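S.K.: The structure is given below, and queries will be raised subsequently.
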Amino acid sequence: MSVVNEDTKQLRNYVGGKWVASTSNQFQDVIDPSTGKTLAKVPLSTKQDVDHAVKNAKEAFKAWKHVPAPKRARLMFAFQQLLIEHHEELARLVVKENGKAYKEAYGEVQRGIECVEFAAGAPTLLMGESLSNIAEEIDSEMYRYPVGVVGGITPFNFPMMVPLWMFPLAIVCGNTFVLKPSERTPLLATRIAELFTEAGAPSGVLNLVHGAHDVVNGLIDHADIKAVSFVGSQPVAKYVYEQAAAQGKRVQALSGAKNHHIVMPDCDIDKAVNHIISSAFGSAGQRCMACSAVVVVDGVKEQFVAKLKQKADELIMGSGLQDEVLLTPVIRKEHRDKVLGYIEAGVEEGAHLIRDGRKEMEDYSEGNFLGATIFDHVTPTMTIAKEELFAPVLSLLRAENLDEALEYIEKSRFGNGATIYTKDAKAIRQFREEADAGMLGVNVGVPATMAFFPFSGWKDSFYGDLHVNGKDGLNFYTRKKMITSRFDF
Ligand code: NAD
């Protein structure tokens, strides 16, 4: 059986090395955000489907955990090679189901490949530690073991990169995996499961169950799921963390964001504007590291605002497959409606709407487009300053000095990222020491970390303690066993 029923366009789940129909009779349309056309139908799978997948993953774990680490790493090398060969195809698929611009999608695929490269270092990563003679004639050693069956739940905004944050590292550590991709972007996950199989993954090591809430609840409540990796919006991240942790599972739950960029008076304004435009409006603002609030420090306010507005006016909006397009549609019409509500709230609460992207919507009858929208004179207590909008809507706040700008960051309940634009070493150091967020940028528009470092959100942007990627990821997906031996027997 193939990944999809060709007659009905209904996607299948991947369980125990086979593409199987969900037991559910409920389906949701997978929609191209640029055209509104239906690409496929995704099953809203049941707890029964989850149980079937977990059983297969548990069975596969028995053998997989004993496969030597160098052999597991070789699977990653083969997978990485296939991803490189299919780079363009995968990027096009990201554009189709997510809507982002091809260049962004191409970059996303690259970021995903780097996660597989990191996982391929498993033999070194998995090495333990030892110390001889911790007491007379006594030695101590630490070995790493897999955790068991891991559940992964992913969002729509990085359909390639986020699943690859999770399953390659989990699997190379000897775990088996059940992935539930976003029901809004299930095609990419389907394709990478196919490529993983082609790379030589044994049956049951990676399983895929499509769906929504029931699948999530099925995973977090399942006794045989030992760890849960989640990425998505804040209320769901908190829910998943609390439910799964209460049942004794390991959980890492990456959540929503509100990322502030501080524009200092000494910075290169043209460069800062370019970075902010690309960060705030690229991928239609639907990045957890997108700039959503700019804090302009006294001295450059009027000049900065004028240049920003001019650049926003020059943006080309359209399908992600067209050249030169940066501004692409948001994921669904319902999401755009919610954002329109936020824009109204901004106006009602007294922010100055200096660029109204709603006007451009009229030129696009198909697709979920919204033009670049900019509010000036936003204050930290306004709804648009506090909430994650996840859209091409940018708030400009004004501060007298760096101290005040840093206070705005501290007051935000989110703490994923923050950036400063400046050449002043003292300001950079103060920002590094005091900015209350986990991923900082100095003259960098999207300071997202790469696969070998933790993706290090703070406050309500993350629930758990071990982040995805890097050594945190390794520690999350392994259990340490300590051996203490005496030799004077
Ligand atoms: P979402 O929370 O709607 O969905 C994420 C996953 O949770 C999906 O698989 C979905 O099926 C499931 N889900 C949704 N509602 C649920 C519910 N009530 N109960 C159980 N499961 C549920 O998120 P999204 O819109 O797909 O993704 C965007 C969000 O993800 C943004 O908030 C963004 O900031 C966040 N995100 C964060 C990071 C990070 O590193 N912190 C990275 C990427 C995305």
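Positions of Cβ are set from backbone N, Cα and C atoms, glycine also.
In TrEMBL, annotation is done automatically, which means it is predicted and not curated.
The domain 'Aldehyde dehydrogenase' annotation in TrEMBL covers 19-483. Feature annotation from TrEMBL assigns NAD(+) binding site to F156, K180, E183, R184, E388. What TrEMBL records for C288 is active site, nucleophile.
What's the neighbourhood like for these features in this structure?
M.R.: On the 0 to 100 pLDDT scale, the domain 'Aldehyde dehydrogenase' (19-483) averages 97 in this prediction.
Sequence-distant neighbours of E388 (NAD(+) binding site) (same chain, 6+ apart, CB under 8 A from its CB) are S233, Q234, G256, A257, K258, S292, F414.
In sequence order, N157, V231, L254, G256, A257, N416, G457, S461 are the residues of the chain that are 6 or more apart from C288 (active site, nucleophile) and have a CB within less than 8 Å of its CB.
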S.K.: Just report the maximum Cα pair distance in Å for the recorded NAD(+) binders F156, K180, E183, R184, E388, no decimals.
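M.R.: Looking at F156, K180, E183, R184, E388 as a set, their Cα atoms extend up to 24 Å apart.
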S.K.: Going by DSSP, is F156 (NAD(+) binding site) part of a helix, a strand, or coil?
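M.R.: The residue in question, F156 (NAD(+) binding site), is coil (DSSP, three-state).
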S.K.: Among the binding-site residues listed here (K180, R184), identify the one with the smallest other-Cβ count within 10 Å.
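M.R.: Among the binding-site residues K180, R184, the lowest count of other Cβ atoms within 10 Å belongs to R184.
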